[in-house]
Amino acid sequence: MESSRPEGPHRVRAASRLLHLGFAAGRPHDDPRRRAVSKEAGKPCRGSALIPDCHAHLDLIKEDTESVVTSAKAAGVSPVITIGLNIRSSAEAVRAAAACEGVYAAVGIHPNDTGGATSDEIDHLEEMARASNRVVAIGETGLDYYRDKSPADAQKQAFRAQLRLAKRLGLPVIVHDREAHSDALALLAEELDGDVPVIMHCFSGDRHVLDECVRRDYYVSFAGQVTFKNAREVREMASLAPANRILCETDAPFLSPEPFRGKPNTPERVRFVAEALAASRGIALDDMERLLADNTSRVFGVPMEED
């Protein structure tokens, strides 16, 4: 449970102004006056709060990182958590976090890159995390059975090692789980027992998976797919996720939301994700933005500036 988790080096007080939203049972309140709907195609609604992007890969975006971050802030998006996929991109994430205000880093090895993962690489991740207070999580780590770029056994070994690293450091872990729900949840249960927060990146599970994540107090993060017309189940899960355990992300440069689907993504488009989450839950956009800001600050221990 959350109360038994160690206060890691980047933890802040756990508080949420919006716990009254609680766990939505059945269909969310459906009041069209409270829906967040863009009035102009291609432009998201803008609430009064800053909104975070909890998962982006700034090193993979073609544009200059500083200009991307500046554009995001101009759109009311901050902070941005930039995520490592291997040693090189983790180092890039740390550099971006050091150079750009409002950017923080996660260091990790993606399951598709674990074929050659070694104990030396895990040690390197630990060195990076200990050397910078801008590193706020371990990840992206996990299991990916959709692609076969790395053997399942190698993925599991690297996943275990990074879960243990997160536990040693007292940092949240960002989990990639693609068509591997059962094994991912099993490994998480074996290695962690409420020791550190768990973020299920780009959540794609069904109600059974969501219920298990809720039981374990995991955070569930939603990306651009929540805006896709055929993603009805994703929106249903977004409507049912506990208010104090929901996050939003872009996964930029991937998973652009509608109406940009298929084009390179950027952090500023996380507002389309927030808009879709507000609509799925039947709440005002301002409330959704404050909820997301509170949750991000709590899990990553990062400050939320006033807009």
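Indices start at 1 and increase along the chain as displayed.
Each Cβ is built from the backbone N, Cα and C atoms, and glycine gets one as well.
Asp251 is the residue from Asp211, Asp217, Asp251, Asp286 that TrEMBL records in the divalent metal cation 1 site together with His55, His57, Glu140. In TrEMBL, the annotation region 'Disordered' applies to 24-44, one of the ranges 24-44, 108-128. Sequence-distant contacts of Asp251 (divalent metal cation 1 binding site), defined as residues of its own chain at least six apart whose C-beta falls under 8 angstroms from its C-beta, comprise His55, Ala56, His57, His201, Cys202, Ala223, Gly224, Asn265.
In this structure, the C-alpha atom of His176 (divalent metal cation 2 binding site) lies 6 angstrom from that of Glu140 (divalent metal cation 1 binding site). Summary of the divalent metal cation 1 site environment: with the site residues His55, His57, Glu140, Asp251 set aside, the chain residues having Cβ atoms within 8 Å of the Cβ mean position are Ala56, Ile83, Leu85, Ile174, His201, Cys202, Glu249, Thr250, Ala252, Phe254. Around the Cβ of His176 (divalent metal cation 2 binding site), the number of neighbouring Cβ atoms within 10 Å comes to 24. When Cβ atoms from all protein chains are considered, those within 10 Å of His55 (divalent metal cation 1 binding site) total 29, not counting its own. With all protein chains in the displayed structure included, the most crowded Cβ environment within 10 Å among the binding-site residues His57, His201 is that of His201. In three-state terms derived from DSSP, His176 (divalent metal cation 2 binding site) belongs to an extended strand segment.
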